[in-house]
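What follows is one structure encoded as structure tokens, with my remarks underneath.
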Amino acid sequence: MTIFFSVEILVLGIAEFAAIAMDAAQQGDTTTILMLPWLGYGHLSAFLELAKSLSRRNFHIYFCSTSVNLDAIKPKLPSSFSDSIQFVELHLPSSPEFPPHLHTTNGLPPTLMPALHQAFSMAAQHFESILQTLAPHLLIYDSLQPWAPRVASSLKIPAINFNTTGVFVISQGLHPIHYPHSKFPFSEFVLHNHWKAMYSTADGASTERTRKRGEAFLYCLHASCSVILINSFRELEGKYMDYLSVLLNKKVVPVGPLVYEPNQDGEDEGYSSIKNWLDKKEPSSTVFVSFGSEYFPSKEEMEEIAHGLEASEVNFIWVVRFPQGDNTSGIEDALPKGFLERAGERGMVVKGWAPQAKILKHWSTGGFVSHCGWNSVMESMMFGVPIIGVPMHVDQPFNAGLVEEAGVGVEAKRDPDGKIQRDEVAKLIKEVVVEKTREDVRKKAREMSEILRSKGEEKFDEMVAEISLLLKI
């Protein structure tokens with residue numbers, strides 16, 4: 001699909017510029033940081049948690065994203081941050097086929113993802129105007145916008161890359177670029193055969209898109225000022241952090257896990273009914289099922305997962321999502337006939353959205369059937385919930401392997417054709433949530449949670465020291 005954008009929308013209004021400029025002038029001697037995440041929810045969430053931590057250290061934060069994304073994350077920002085974190089709207093070019101409410105990956109139909117990347121890159125001119133107006137002391141940017149550090153460099157503004165993915169997948173991807181004739185030094189990690197085949201047989205168009213995004217990702221890493229921030233922690237990826245530091249000749253500073261800490265009694269749309277249902281279950285007896293905001297399982301995948309849940313005989317909450325604009329799909333049509341009736345009180349199916357962190361933190365949740373998106377992996381580890389990994393694409397197979405290596409979860413193996421197997425899903429759910437065979441996984445997940453919760457705000461000390469050194473403050 002080809003979408004034509006008008007560049008006129010990139011022009012920032014005089015009134016808006018004046019308001020931002022006045023705010024910048026009022027900051028005086030305060031060190032200001034502009035943060036620019038990619039448009040995916042996992043990226044936004046991690047950046048927002050980092051913004052909170054920086055503001056607690058007396059930095060003033062400008063948080064820049066599209067209006068639809070800013071509206072989505074504002075409820076997660078307590079009023080105590082209203083003076084230290086300011087939202088700044090980034091205008092993407094739009095068109096009748098690509099209006100502003102689609103300027104996010106959340107629920108975006110996969111066919112429109114290339115258009116979103118194109119529109120984001122075309123926002124560079126507007127972003128330059130924002131940088132010129134605010135004149136922040138530092139830019140912290142994500143990994144899919146090489147134009148951001150270029151613009152910052154032209155304005156003599158130092159920039160640091162904050163990577164919201166895991167370190168293993170980055171170091172594994174960079175290794176053949178630096179050492180094309182040698183094996184990755186950590187040979188104990190092996191992808192399942194299905195994923196090896198999938199990554200080696202991508203079609204030409206996918207390969208070209210992947211190549212371009214890989215180049216952008218690589219540029220963002222190398223453009224960072226002597227330091228790379230990573231949403232991870234040494235207990236999980238220490239050896240990969242050390243190796244990435246060697247590959248990039250930059251200091252890799254962990255700041256993770258960056259996880260939204262929910263208040264179980266807080267107001268979230270639809271949570272009261274979920275909480276009431278969870279409260280009736282036994283401790284650690286329920287499995288939470290979700291595949292993130294950007295992947296929509298096929299009907300065949302939905303059926304295999306449903307049959308697996310049914311055969312496991314374990315309580316479950318399953319979040320089912322459909323792309324924006326899909327008004328033809330209903331839960332009943334997507335699931336096997338009679339599934340909801342047979343599940344009865346043992347299962348709850350939620351359409352669209354559910355407060356994942358609150359569900360994972362609830363005492364009756366004992367397992368997480370997850371696509372292994374990095375944000376979900378971090379949340380699961382923070383709350384001590386073991387993972388049953390059902391990765392779908394991009395970095396998720398690598399994350400699932402890392403989860404297995406850490407001992408806090410297991411990956412569901414696919415059949416020789418790469419399809420999800422209902423029997424495998426059922427078996428792993430029972431083992432992880434109920435049976436003694438995976439008690440070691442449950443124990444390791446609890447231990448990991450205790451380690452992470454003991455860190456507190458001290459995990460940001462190294463980051464603050466590096467920023468202070470860079471800015472000479």
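A Cβ is built for glycine as well, from the same backbone N, Cα and C atoms used for every other residue.
These figures come from a predicted structure and were not determined experimentally.
The annotation active site, proton acceptor is assigned in Swiss-Prot to HIS43 on the grounds of similarity to another entry. What Swiss-Prot lists as active site, charge relay is ASP142, and the listing cites similarity to another entry. Residues annotated as UDP-alpha-D-glucose binding site in Swiss-Prot: SER293, GLN356, TRP374, ASN375, SER376, GLU379, ASP395, GLN396.
In this structure, the binding-site residues under consideration are SER293, GLN356, ASN375, SER376, GLN396, and the one with the smallest number of other Cβ atoms within 10 Å of its Cβ is SER293.
Between the listed recorded positions, namely ASP142, GLU379, ASP395, the fewest other CB atoms within 10 angstroms of a CB are found at ASP395. Under DSSP, SER293 (UDP-alpha-D-glucose binding site) is assigned to coil, being neither helix nor strand in the three-state scheme. Spacing of GLN396 (UDP-alpha-D-glucose binding site) relative to HIS43 (active site, proton acceptor) is 15 Å (Cα to Cα, whole number).
In the three-state DSSP assignment, the secondary structure recorded for GLN356 (UDP-alpha-D-glucose binding site) is helix. Between the C-alpha atoms of SER293 (UDP-alpha-D-glucose binding site) and the residue listed as 'active site, charge relay', the distance comes to 19 Å. Sequence-distant contacts of TRP374 (UDP-alpha-D-glucose binding site), defined as residues of its own chain at least six apart whose C-beta falls under 8 angstroms from its C-beta, comprise GLY42, THR164, THR165, GLY166, ASN231, ASP395, ASN399. Cβ neighbour count for HIS43 (active site, proton acceptor): 24 (other Cβ atoms within 10 Å of its Cβ, all protein chains included).
Per the record's binding annotation for UDP-alpha-D-glucose, residues SER293, GLN356, TRP374, ASN375, SER376, GLU379, ASP395, GLN396 show a top Cα-Cα distance of 20 Å.
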